[in-house]
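Notes for the one structure printed next.
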Amino acid sequence: MMSRNRRMRDLDSNPCLEETDASTKCMDDNRYEKDLCTPYFVKYKNCRKFWNGIMVTRRREGTVPYMPTAEERKHILESMKSLPY
C-alpha cells in the first residue's frame, strides 16, 4: 500500500496533479500570497469536482477501478475536445 504523499504524486491516483503543481508553484513564486493564486485554486477545485463526478458515476455503474487510469482519463479529455475545468 502506498503512503498518502506518494499516492498524491502518482498520476494514476491523482487526476489533478498538473493543477496541484501549478498552484503550488504559484504560491512559491508569489511568497504565499493566496490572492494572487486564486485562478489556480479555482482550476484545481473544478478539476477535483469534475473527476469526483466521474468517479461517482463509475462507482454507481459498477465500473472498476472507480477512478479512471491516467490513460483512460487522457481519452476522456480528448473526446471532450477541451478541458471541462
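Cβ coordinates are placed from backbone N, Cα and C, and glycine is handled just like the others.
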Record Swiss-Prot, residue C47, disulfide partner from C16, C26: C16
Rounded to the nearest Å - Cα separation of C47 (disulfide bond) and C37 (disulfide bond): 16
Within the motif 'Cx9C motif 1' (16-26), residues counted as helix, strand or coil by DSSP: 10 helix, 0 strand, 1 coil
Cβ neighbours of C26 (disulfide bond) where a neighbour is any other Cβ within 10 Å: 18
